[in-house]
Amino acid sequence: MKVKPTLLLIILALMIGCSESPKKPVPTKSILDIAQSQYDTLYKNALPYIDTKTCMPRTIQDGKLHLVDIYDWTSGFYPGSLWYLYGLTKDDKWKSRAIAYTEKLDTIQYWEGNHDVGFMIECSYGNALKYANSKAYDSIIVRTAQSLSTRFHPKAGIIQSWEANKRWKCPVIIDNMMNLELLFHATKISGDSTYYDIAVTHANTTMKNHFRKDFSSYHVVDYDPETGEVLQKNTHQGYSDDSAWARGQSWGLYGYTVCYRETKDPKYLEQAIHIANFIKTNPNLPDDQVPYWDYDVPKDKDTPRDASAASILASALYELSTYMDQKEGKEYVDWADKIIASLKSPEYLAEAGSNEGFLLKHSIGSKPHEVEIDVPLNYADYYFLEALYRNGRFEAKQ
C-alpha cells in the first residue's frame, strides 16, 4: 500500500510530538522567579521563630523544616542567601529580611569557640557590607576576626578547627580555608595586617600538609600545636582516610581562589588550578558534573550525589575564571555553566511550593554519620545563588 507523502509527514510530526523531551534547565530569569517564590515560602515558614535562638533554616528533618540556633555553623547561610536575592533582584523586601536575620547573629562576633565564625559572619555581615554598604557593620567583621584569631597556633601555623578530643589533639579541616576570607576582610577594614598574616600562614600550612600528590585533599590533619608536627591525616565526613570527600575538594578550590584574590600570590592561583583539574579530570565525576558525595566511594544506582559540593564548585569556578587568560577562563566558565545547568534542571531544582522553600534537592551533610542524607541544605542554596550572581556577571573582574 502506498502512503501519500503528506500522510507520512503528519505521522512523523505526531511521533516527534509524542516522544518524551529531555529535561531542560530552567532559564535564569525563571530561576530568579522560582528562587523568590521559594524563599517567600521559606521566610513564611521560618518567621514565627525569628525571635527565638532557634531561628535559622538549615534543612528538612523528618519531613519538616529544621531550624538551628545562631551558634550552629550554618547560621550565616540563610541571611546570606537573602542578601544574594537582594543583589540579584534589587527588591527591597529581600534587603529588609536580610538585615533582620543578619542582625540575629550579632553576638557571634565575641564567640571564640568555633572556627566557623568566618562562615557565620562573612556570609551574613560580609554580604551586608558588600551589597548594602552598611558601614555600621565594619566593627563586627573586625571583632569576629579577633575572636577567630584566638584559635591560631603560631608554632604550628594553623587555625584550630574543632576542640581537642579523644581522637584529635589539634584538628584542622579543609573547610577552614573558607574562614580566611573574614580575616582578609578585617585587615582591609582595620588596616591591621595581623589578620592577613594569620590567613596567609594558615593557607601555606594547609597547602603543605593537606594535599596529596594528585592535589586531592585530606579532610582532617591533626597537629601538635606546640611543635607543628603532623600527628595524623584522616577523615570525618569522607568515605575513607585516603579518599577525596567531594565537598572538601570544593572547599579547598574556593578557599585558594579567595587567597589569590586577596594576595595576588601566584602560588595560590596555581593551587586552585591544580585542585580544579583534579576534580575536572576525575573519572568518577558524573557526566552532569554533580559529584557523588565522595570521589572514591564505590558507586551504584543509589549512591547519593551532593548538590552542595556542586554549587560551591560552580561558584568558585566563576571567580577562578576571572584570573585566567581568555581561553582558559572560558573553559572554567563553560564548566561552571554545565554544573549550573544541571542544578537548574528538574532533577536538582525543587518545584515551586515544595522542599519547604529550599531551592536545591539532593545534598549530603555527613554520609558516614547518616546525617542529612539526600536533603536540601542552606549552604547548597547559598552557593547556588552566589553562582547565579557571578554567572550574571554582576561582579567585575577582581
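Yeah, the Cβs are placed from backbone N, Cα and C, and that goes for glycine too.
Note: TrEMBL annotation is automatic and uncurated.
Quick caveat, the model's predicted, so the values are computed rather than measured.
TrEMBL annotations:
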type: ACT_SITE; residues: Asp116; note: active site, nucleophile
type: ACT_SITE; residues: Asp175; note: active site, proton donor
type: BINDING; residues: Asp116, Asp175, Thr235, Arg247, Trp251, Ser366; note: substrate binding site
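Mapped onto this structure are the features recorded in TrEMBL.
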residue: Asp116; record: active site, nucleophile; contacts (Cβ under 8 Å, 6+ apart): Trp73, Asp175, Asn179
residue: Thr235; record: substrate binding site; contacts (Cβ under 8 Å, 6+ apart): Tyr218, His219, Val220, Asp241, Ser243, Trp245, Pro368
residue: Arg247; record: substrate binding site; contacts (Cβ under 8 Å, 6+ apart): Gln237, Trp293, Asp306, Ser308, Ala309, Ile312, Ile364
residue: Trp251; record: substrate binding site; contacts (Cβ under 8 Å, 6+ apart): Ile174, Asp175, Met177, Met178, Ile312
residue: Ser366; record: substrate binding site; contacts (Cβ under 8 Å, 6+ apart): His236, Gln237, Glu372
Message: With every protein chain in view, what's the tally of Cβ atoms within 10 Å of the Cβ of the residue listed as 'active site, proton donor', excluding that atom itself?
response: 24
- request: Measure between the Cα atoms of every pair in Asp116, Asp175, Thr235, Arg247, Trp251, Ser366, the residues the record assigns to substrate, and report the largest value in Å, rounded to a whole number.
  value: 18
